[in-house]
Amino acid sequence: GVLYGEDFILGGTIHFSCEEGFLLRGSTESTCLPSGQWSGQTQECVAIRCEPPIPPVNGSVLPQKTEYNYHESVEFRCTSGYTLEAGSGKRQCLEDGTWSGSEPQCQRRALPGLL
C-alpha cells in the first residue's frame, strides 16, 4: 500500500491507499492520539479476486482455477456439436471482484438440411 502524510506528531493525520489490483481493508486515515497510538482500524491491502465463473451448460471454462486475480481472463468453450450463441466468449476479473460481460450460453449447432 501507499502511505501519505509526514506529520507523525500528536494530532497528525496520515492517509492510506492501495495499489491497483488491491482493496483497502481498514481505515483510509489515522490520527496520532495522545496515547501514542493511531486511531482507526489496522490497514491491510488485500488482492482483488474473482470466484470461478459458472461454465455454460455443454461448455467449459479455461483456465480452470479455484480463484482468479484482478485483470485475469477466462475463455469459454462449447463441447462438440454446440456453439457459443449468447453471452461473452471471454470475460475478465474486474476491480469489484465480478466478471465483465455476460454469462455465455452454448446452443446445439443446427445440422445442415434439418429444420
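Cβ from N, Cα, C; glycine included.
Of the listed cysteines CYS45, CYS50, CYS78, TrEMBL assigns the disulfide bond with CYS93 to CYS50. Of the listed residues CYS32, CYS45, CYS45 is the one TrEMBL pairs with CYS18, by disulfide bond. Other C-beta atoms found within 10 angstroms of the C-beta of CYS93 (disulfide bond) number 23, with every protein chain shown included. Classification of CYS18 (disulfide bond) by DSSP places it in coil, neither helical nor stranded. Every protein chain shown contributes to the tally, and the Cβ of CYS18 (disulfide bond) ends up with 18 other Cβ atoms within 10 Å. The disulfide-bonded residues in question are CYS45, CYS50, and the one with the fewest Cβ neighbours inside 10 Å is CYS45.
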